Amino acid sequence: MPDTASYKQQKEDFVSNLSGGSVAEINYVTSVAAVAILLWSVLQARQSFFEPYTALAFAVDFLLNVGAILLSVTLYSNSPLLLNLLLIAPAILVFTLPPRSRSPKKKAKIPPNARSNESSGQLDILSTKPFLTNFRGCMLIVTCVAILAVDFRLFPRRFAKVETWGTSLMDLGVGSFVFSAGLVAARPVLREKATGRAGAVGNALSLSSRLVQSLRHSIPLLVLGFIRFLSVKGLDYAEHVTEYGVHWNFFFTLGFLPPFVAIFQSVRKLIPSFAALSLLVGVTYQVLLETTSLKAYVLTAPRTDLISMNREGIFSFVGYLAIFLAGQDTGMFVIPRNLVPKSTASPGAQRNKLLKITAVWGGVWTGLYVLSTNYHYGFGLAVSRRMANLPYVLWVVAFNTIQLLGFAVIDTIFFPAFYNAQDAKTEKEAYTHATSRVMRAYNRNGLAVFLLANLLTGLVNMTVNTLDATPIATMGILVVYSAALTGVAVALDAYNISIKL
């Protein structure tokens, strides 16, 4: 390893003063994940390739859903459309082959005392839809791959986080992580609403109980934030101060979200839409940035006290809160089994309505993003992940809503049986058939895998001179790293272990 002080400075310079790339290129790169799911779906729906789940099936699952994403940000970073074509071509070929008939599974004898539990069972009011698993799994994999890959020269600088203004893959990734968290946070709200508990208690008691519940989620994340802070300072690890500040890190952002979301959940009694709350927060924040000295403070203030030292993390939190609320609003219509409670519409009609609503919201968020950034017809604002301003919020939400739509369309085409299931057992079997084991594993312990990815990233950076690594060495390290993360995730899933942080 080179001289420690100079090498640390080189590492910091390597991720500093970057301006990002185009939104179009980011869309081409991220579409690889959806196209890989398309190929996986064709293999499974037409050939039942992943049943039984053999070592070969796992290898192909890993190569498609992790390997393709890794290639898209490294060796194929300059030609993502070619990589998409290389995935689409075999998908078309497999689709044209005669489908393989699924051999009926031999049912095991069920003890008499277990038959009542094993029998079909009623469908839950909330479902775990395959496209949500694929969406969240892809987001987690891209995030985990990028946080280590960014330290190597093979990873394009235009994909790394920008200094102040601009768009990049990693800027999108951090916002997507928060959006995804908001998406699943809609589940307890929906269950509370469905069971009639939403208005059972007074506002004050409701808020206090929600705040207490939120602390159960916040405290572990805040502890992780302090551990990361102490580790970075204690090990003299390279850090990009203008990303979040001197002491702040992403775990603090995640940790402070639950109590604020609990407050806004009570405000929802007055404004019954998380999307409206998201826009209210985002627009108010942007107005303050434009009409006061807040923007200058966040970007240029001297770091003289605790707040100014962490000004990026503190004020960007407002933007991330808006993203979380928008994700929660999306979850309110993509998670429920029926968009209208007690609806008598057929499963096909419900499914088509979901696609239409998702498409409409994708159009709304995209239109608002264009309005905020267009110089001729809009406000001409620039995206800034550093401040998490309104254009950044709208970009992240628009991208993720459209990405969700893409995964939902793939689901609809290849796995309609899930939506037609009449009982819980049949639905669970259809869900398992329609989802990748790798994706399910990443979903199940997403935050734990993300934490492990951070630990392994630190380990690699402390033991390997990443700046001088050759392309072959880089790919070797990234493949081993990705395989290790995936192996741990799948092993935890195989042993039915869920780590909740």
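One-based numbering along the chain as shown.
Using the three backbone atoms N, Cα and C, a Cβ is placed for every residue, glycine included.
When Asn117, Asn461 are compared in Swiss-Prot, the N-linked glycosylation site annotation sits on Asn117. When the glycosylation sites Asn17, Asn496 are compared by the number of other C-beta atoms lying within 10 angstroms of their own C-beta, Asn496 comes out lowest. Per-stretch counts of Cβ pairs under 8 Å to the transmembrane segment (165-185) identify 23-43 as the leading one among 23-43, 79-99, 447-467. Among the stretches 55-75, 79-99, 218-238, 270-290, 472-492, the one making the largest number of Cβ pairs under 8 Å with the transmembrane segment (390-410) is 270-290.
Cα of Asn17 (N-linked glycosylation site) to Cα of Asn496 (N-linked glycosylation site): a distance of 44 Å. Counted over residue pairs separated by six or more positions, the transmembrane segment (23-43) shares at least 3 Cβ pairs under 8 angstroms with the transmembrane segment (130-150), which defines the two as touching. Under the criterion of 3 or more C-beta pairs below 8 Å, with sequence separation of 6 or more, the transmembrane segment (472-492) and the transmembrane segment (79-99) do not qualify as touching, having fewer than 3 such pairs.
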